[in-house]
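Trainee: Before I ask anything, let me first share the structure, which is written out below as structure tokens.
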Amino acid sequence: MAPWPELGDAQPNPDKYLEGAAGQQPTAPDKSKETNKNNTEAPVTKIELLPTYSTATLIDEPTEVDDPWNIPTLQDSGIKWSERDTKGKILCVFQGIGRLILLLGFLYFFVCSLDILSSAFQLVGGKMAGQFFSNSSIMSNPLLGLVIGVLVTVLVQSSSTSTSIVVSMVSSSLLTVRAAIPIIMGANIGTSITNTIVALMQVGDRSEFRRAFAGATVHDFFNWLSVLVLLPVEVATHYLEIITQLIVDSFHSKNGEDAPDLLKVITKPFTKLIVQLDKKIISQIAMNDEKAKNKSLVKIWCKTFTNKTQVNVTVPSTANCTSPSLCWTDGIQTWTMKNVTYKENIAKCQHIFVNFHLPDLAVGTILLILSLLVLCGCLIMIVKILGSVLKGQVATVIKKTINTDFPFPFAWLTGYLAILVGAGMTFIVQSSSVFTSALTPLIGIGVITIERAYPLTLGSNIGTTTTAILAALASPGNALRSSLQIALCHFFFNISGILLWYPIPFTRLPIRMAKGLGNISAKYRWFAVFYLIIFFFLIPLTVFGLSLAGWRVLVGVGVPVVFIIILVLCLRLLQSRCPRVLPKKLQNWNFLPLWMRSLKPWDAVFSKFTGCFQMRCCCCCRVCCRACCLLCGCPKCCRCSKCCEDLEEAHEGQDVPVKAPDTFDNITISREAQGEVPASDSKTECTAL
């Protein structure tokens, strides 16, 4: 319910309205005359109106504004179980089973679409990501390493891929562990873009989008804040490198078995039918293999046979022969026998693009569009199914189970249990992106609060590192130490971040920052896309370019920018906490132009560009909804056209000045209630006022 508008001349005391009102009451003319005659002799009689007709009651007791971050109550408008007959109960059971099957099916395709989305990004930008790593000389700069880790992980949509590239480079002595640590930190930031993209799919409902986007970006802010604090500490002390080196030196482990595939056992059979990639090519490009640059990432041959044979080859002289017995010469040329290894292709892979012979960019673009469409469709259906299931008593039980703390004095343990649950679930699905992306719609519809989602997200950061540690233990001997040390660096980095931003409640800044961004994005929804472009592309690319130009350029540009940001933050803190210490002009931002202190002018600009597209989108939504209504027979399923309702609210909900009602308004309302004044006349009088 929308809050009451502020009244310009509201009087908190109802006596000021009701004094002398009896003189104008038509139902008691005699009493009013006597009251007017004795006005100077006796006190004025006050008439108490019913709360239904009294505007003074509305002024004195305003309705409390609902907190947008409160979990919404999903009312169950269906027929109660006790009121159903036998046929209705059986039908209800089958409907529940059908919804569960549909939910699991859409969740399966949702996870598969995330896997294909990662493959699409690797096809589009995988070779470029490998070229970022190919220049190992620039990797010694920690800031450049951080930015490269962010950009590469955003391009390939997989922190596991970027981490495996780093491991292969470290094991090949192309990169040191010290230079690899900032890249791992950047990969931790880049992997959080996936669930932020998923949150954009709930943009149709402002309330859901506010919660979903805040729940997704709490992961971003945790990673950014952790890097801002821990990267300088690591550069100064190298504590991650030292701790992990001691742990690795204490191990005397041999090569283990491969890391267990849990969720991938279910999803691989389907995703392999869509596309299969040769991910070794990206690592080969990173290690400056020129032949790999001309190879396609799309895997064509799945079954090959490697054979060795002896062939005659020409050598410059007899000194190059393999042995004297295998060396022949005619005085002009010299031959010898050499063992040559060749690969023989036996069977092709079984996927859609195996015989298309399209370039990687074309295949990646096709898969990117299709995977985003499937991702959006699955997410919409998951939200709708959950919204239809999580109602009434079921919703109450689930919300209380997830969001309720342990009884005192063990309430503080609840968050740490949530961290363990998040780590365990991420270990099962073997991807933090999959877990946090599945968490996002639940936050949007109000099943999980932001405060509970935060420790679950922190646990997912821990869970993805345990998977990397198991994978490192299964590495071959030449890569075991380096891969294990890098996986442990990733693990202790996330542990350090949790110690910084979770144990003490007032240090949980990511929650407050995510809520602030959620409020802004709910009001100006274009700002969510702006945030993604700025934080995951423009800022890393700008820092990358300035770093390549030299440290003098980086310092000359970066120091003033950092100084301005710190100054603005300090001013904002003083304005909110103790504004009296500031000059009057600096107690607010009104001294700045409107476009520098408000998003309203920018919103007007973006609205002009997006207005036409939004209207066309709404028309398509209405057509699709009506077709859906015809199929399912439900007259209320057109709620998916909420963008149209938002447009109508935007046009109708303009700021109209509302004045406090005078005594005459009370009289008019009472006359209308008694039937003496027609409703149309009263509306005309109110309009004239």
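Backbone N, Cα and C atoms are what each Cβ position is placed from, and that goes for glycine too.
Positions annotated as disulfide bond by Swiss-Prot, on the basis of similarity to another entry: Cys302-Cys349. Residues annotated as N-linked glycosylation site in Swiss-Prot: Asn294, Asn307, Asn320. The region 'Disordered' annotation in Swiss-Prot covers 1-41. Taken from Swiss-Prot, the feature topological domain 'Cytoplasmic' applies to 1-100, 157-212, 384-407, 507-525, 574-687, supported by sequence analysis. As annotated by Swiss-Prot, topological domain 'Extracellular' applies to 122-135, 234-362, 429-485, 547-552, with the evidence given as sequence analysis.
Could you place these features in context, so I can see how deep they sit and what lies close by?
Mentor: In the three-state DSSP scheme, Cys302 (disulfide bond) is classed as strand.
Sequence-distant neighbours of Asn294 (N-linked glycosylation site) (same chain, 6+ residues apart, CB-CB distance under 8 A): none.
Secondary structure from DSSP puts Asn307 (N-linked glycosylation site) in a beta strand.
Here the Cβ of Asn320 (N-linked glycosylation site) has 13 other Cβ atoms within 10 Å, regardless of which shown protein chain they belong to.
Taking H, G and I as helix, E and B as strand and the rest as coil, DSSP gives the topological domain 'Extracellular' (122-135) the counts 13 helix, 0 strand, 1 coil.
Residue counts for the topological domain 'Cytoplasmic' (157-212) by DSSP state, with H, G and I taken as helix and E and B as strand, are 44 helix, 0 strand, 12 coil.
The average pLDDT computed for the topological domain 'Extracellular' (234-362) is 78.
Beyond its flanks by at least six residues, the topological domain 'Cytoplasmic' (507-525) meets 68-69, 203, 206-207, 209-211, 213-215, 217-218, 220-222, 225, 450-451, 454, 500-501, 531, 599, 602-603, 606 of its own chain at Cβ-Cβ distances under 8 Å.
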Trainee: Would you mind pulling the DSSP three-state label for Asn320 (N-linked glycosylation site)?
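Mentor: The residue in question, Asn320 (N-linked glycosylation site), is helix (DSSP, three-state).
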Trainee: For the topological domain 'Extracellular' (429-485), give the DSSP counts of helix residues, strand residues and coil residues.
Mentor: 48 helix, 0 strand, 9 coil
Trainee: Including all protein chains shown, what's the count of other C-beta atoms within 10 A of the C-beta of Asn307 (N-linked glycosylation site)?
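Mentor: Result for Asn307 (N-linked glycosylation site): 9 neighbouring Cβ atoms inside 10 Å.
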Trainee: For the topological domain 'Cytoplasmic' (507-525), give the DSSP counts of helix residues, strand residues and coil residues.
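Mentor: When I sort the residues of the topological domain 'Cytoplasmic' (507-525) into the three classes, I find 16 helix, 0 strand, 3 coil.
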Trainee: For Asn307 (N-linked glycosylation site) and Cys349 (disulfide bond), what Cα-Cα distance in Å is obtained after rounding to a whole number?
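Mentor: Here the two Cα atoms lie 20 Å apart.
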Trainee: Could you round the CA separation between Cys349 (disulfide bond) and Asn320 (N-linked glycosylation site) to a whole angstrom and send it over?
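Mentor: Between the Cα atoms of Cys349 (disulfide bond) and Asn320 (N-linked glycosylation site), the distance comes to 41 Å.
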Trainee: How many whole Å apart are the CA atoms of Cys302 (disulfide bond) and Asn320 (N-linked glycosylation site)?
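Mentor: Rounded to a whole number, the Cα-Cα distance is 37 Å.
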Trainee: For Asn294 (N-linked glycosylation site), name the DSSP secondary structure in the helix/strand/coil scheme.
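Mentor: It is helical.
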